[in-house]
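Record features (Swiss-Prot):
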- 30-45: disulfide bond (DISULFID)
- 201: active site, proton donor (ACT_SITE)
- 203-219: disulfide bond (DISULFID)
- 223: active site (ACT_SITE)
- 238-259: repeat 'PbH1 3' (REPEAT)
- 301-322: repeat 'PbH1 5' (REPEAT)
- 329-334: disulfide bond (DISULFID)
- 353-362: disulfide bond (DISULFID)
């Protein structure tokens, strides 16, 4: 039988330090300096500190299956060696998990090594963070820089993100593309509070799920605050989504709902409230039911219904070449909308709007 001293020495050698434990108790606090040590020792720790970890190429920082109630702290600078692969760079699951960043920490993905202006095409790029099965948990105060591709893939119930910074500003000039901040699917109860995002795709994309709340967001440089695309997935229901008190600037779109042509599903109980836009290049408000192979066709279908949509105090300006509002619905599939204090200026009026409820203006 190994002595406690020998076990402790082994932990130090392997990139792990254990504290607050006796030989027969689970360790309370662990500091890991390598991804391998974190994966091997995570189940024994109620508090995990990830200290200046450099994740090897083609490897996930694997924090799946954490013990309920575990606290995870990112400390120092977390980095990732280069390989063309699908990722994710980090994956985490468990219940009642609390994730925070220590003062001065940075999760630096150095995405420019992968960026080629082609996003999901071109060279293979890893997604950043899978929050799949990270239930009844919270992620607070993380500082993330230059993700190669999408940042958070969220498939979880009762999860809250607070004060998360995703700074992919370098991607504006270095080929960043498809760098979505929060992609939500198959989730019930997702709260995203005061995020700061500069990226080159959706600030928020809700593809399926219920009870989603996004508030106090700052969204710069991307594709705006989106529902969809909805359709052609195993789950094609989006219900009870509130997006409020947020700004969207220097982006392609501000408010967007899009559904897949020929698909079935439903989008309902959607509220956009107190959204301020500026510097929008394509559409201020766009709701369209004609997406196919990732592109609009101009031919809407009605298999995915869009009901009980409320826009209130959605204001601001778009570029002179942009369209202020574009509403393209299938026959009878858009209904029960509320439209209050929607004022988008600076651009063109659309002449191609179709089948939208009379309370809206186009």
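Cβ atoms are placed via backbone N, Cα and C, with glycine included.
Take the disulfide-bonded residues 203, 353: by the count of other Cβ atoms within 10 Å of each Cβ, the lowest one is 353. Counting residues 6+ beyond its ends, the repeat 'PbH1 5' (301-322) has Cβ neighbours under 8 Å at 230-231, 236, 248, 254-255, 257, 259-285, 287, 289-290, 329-348, 360 in the same chain. Only 353, of the recorded positions 45, 201, 219, 223, 353, have a C-alpha within 10 angstroms of the C-alpha of residue 329 (disulfide bond). Each of the disulfide-bonded residues 45, 219, 329, 362 was scored by the other Cβ atoms within 10 Å of its Cβ; the lowest score goes to 362. In this structure, the CA atom of residue 219 (disulfide bond) is 10 Å away from the CA atom of the residue listed as 'active site, proton donor'. The Cβ neighbour count for the residue listed as 'active site, proton donor', using a 10 Å radius and every protein chain shown, is 26. Between the alpha carbons (Cα) of residue 353 (disulfide bond) and the residue listed as 'active site' lies a span of roughly 21 Å.
Checking Cα-Cα distances from residue 203 (disulfide bond) against the disulfide-bonded residues (30, 45, 334, 362) with a 10 Å cut-off leaves nothing; none qualify. The Cβ of residue 334 (disulfide bond) has 26 other Cβ atoms within 10 Å, all protein chains considered. Residue environment of residue 223 (active site) contains 24 other Cβ atoms, counted within 10 Å of its Cβ in all protein chains. The DSSP breakdown of the repeat 'PbH1 3' (238-259) into helical (H, G, I), extended (E, B) and coil residues amounts to 0 helix, 19 strand, 3 coil.
Put simply, residue 362 (disulfide bond) is 56 Å from residue 45 (disulfide bond) when counted between their Cα atoms. Using a 10 Å Cβ-Cβ cutoff, residue 30 (disulfide bond) registers 24 neighbours. Distance from the CA of residue 362 (disulfide bond) to the CA of residue 334 (disulfide bond) is 14 Å.
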